[in-house]
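Listed in Swiss-Prot:
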TRANSIT   1-24  transit peptide
BINDING   GLY31, ALA32, SER33, GLY34, GLY35, ILE36, GLY37, ASP57, ASN117, ILE140, ALA141, ASN142, MET251  NAD(+) binding site
CARBOHYD  SER33  O-linked glycosylation site
MOD_RES   LYS78  N6-acetyllysine
BINDING   ARG104, ARG110, ASN142, ARG176  substrate binding site
MOD_RES   LYS165  N6-acetyllysine
ACT_SITE  HIS200  active site, proton acceptor
MOD_RES   LYS203  N6-succinyllysine
MOD_RES   LYS239  N6-succinyllysine
MOD_RES   LYS307  N6-acetyllysine
MOD_RES   LYS307  N6-malonyllysine
MOD_RES   LYS314  N6-acetyllysine
MOD_RES   SER326  phosphoserine
MOD_RES   LYS328  N6-succinyllysine
MOD_RES   LYS329  N6-acetyllysine
MOD_RES   LYS329  N6-malonyllysine
MOD_RES   LYS335  N6-acetyllysine
Amino acid sequence: MLSALARPAGAALRRSFSTSAQNNAKVAVLGASGGIGQPLSLLLKNSPLVSRLTLYDIAHTPGVAADLSHIETRANVKGYLGPEQLPDCLKGCDVVVIPAGVPRKPGMTRDDLFNTNATIVATLTAACAQHCPEAMVCIIANPVNSTIPITAEVFKKHGVYNPNKIFGVTTLDIVRANTFVAELKGLDPARVNVPVIGGHAGKTIIPLISQCTPKVDFPQDQLATLTGRIQEAGTEVVKAKAGAGSATLSMAYAGARFVFSLVDAMNGKEGVVECSFVQSKETECTYFSTPLLLGKKGLEKNLGIGKITPFEEKMIAEAIPELKASIKKGEDFVKNMK
């Protein structure tokens, strides 16, 4: 059942460039001038699914918006600069994507970003709760394992929390898993789908290779190496960029893929499945990423973990303590805010 549904969204990204799709989504990008924000905004501007694109940052947004506005696609683009302009950026939005925050540098974990990015995410999501409480909120800012609990607690404080509308974007883990499996097996990566569950950092990233479509088999040593590469792929890019940033282009692609899937589902397309880090009852963690069936109102049905191998069970068991700690850290941050 799941594998039949779960041929997600490489197709959504391709379809988003066709002109037959409905063009009505009002999308805001918060952190639009950054390394992820600029290429993400370009991909969104290029899609006929988007009718209005509002860009926010604390620097350079008028320039980014002016540049993008010259592209011959239908989305109307406007830039907003600084906190006093944020409410206008958010009004009437259907989807808000938040890549804002500082990137990783060599030697840093995603968790090292916590102190800076926690404040940024709490501030931006408070504005969302006030000015577009009904919008879908897609969090890219790391550490996602903590920034999603932060977002949820902020929305609860404002009395507008809806767990079906807040998503931690883990799509890059799926994109990487698909790519690496395809490389090893000589397959077309656009036709490979590996569900990745758990969280979005290190060993909390759990690729379910046993559920890959098409079915693939690896010897245990190769499976362990492949899993490790998927888990540490972000660090691979940070090292390769040698201090010049983290994964920006692939993250922008993955973020756009998730947004297009979400908008497709909001437009009434059926059978749209993406993995995302959301409030969950699938494990003892209050948030957990699994394949989700998306619908007109966001998360329609959590499709759960499904049948897994002992190797995958062990990875889940090992990830849960770290995930619980990251979730608590995010929740405590909001509870202790002045």
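Glycine residues also receive a Cβ, built from the backbone N, Cα and C atoms like all the rest.
These figures come from a predicted structure and were not determined experimentally.
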GLY35 (NAD(+) binding site) CB neighbourhood, other CB atoms within 10 A: 19
Nonlocal residues around ASN117 (NAD(+) binding site), in sequence order (Cβ under 8 Å, 6 or more apart): ALA100, GLY101, VAL102, ALA141, ASN142, PRO143, THR147
Integer Cα-Cα distance in angstrom, GLY35 (NAD(+) binding site) to LYS329 (N6-acetyllysine): 26
By Cα-Cα distance, the member of recorded positions GLY37, ARG104, ARG176, HIS200 nearest LYS239 (N6-succinyllysine): ARG104
Euclidean distance between Cα atoms of LYS78 (N6-acetyllysine) and LYS329 (N6-acetyllysine), Å: 35
Nearest recorded site to LYS307 (N6-acetyllysine) by CA-CA distance, among recorded positions GLY37, LYS78, ARG176, LYS314: LYS314
Between HIS200 (active site, proton acceptor) and LYS314 (N6-acetyllysine): CA-CA distance (Å): 17
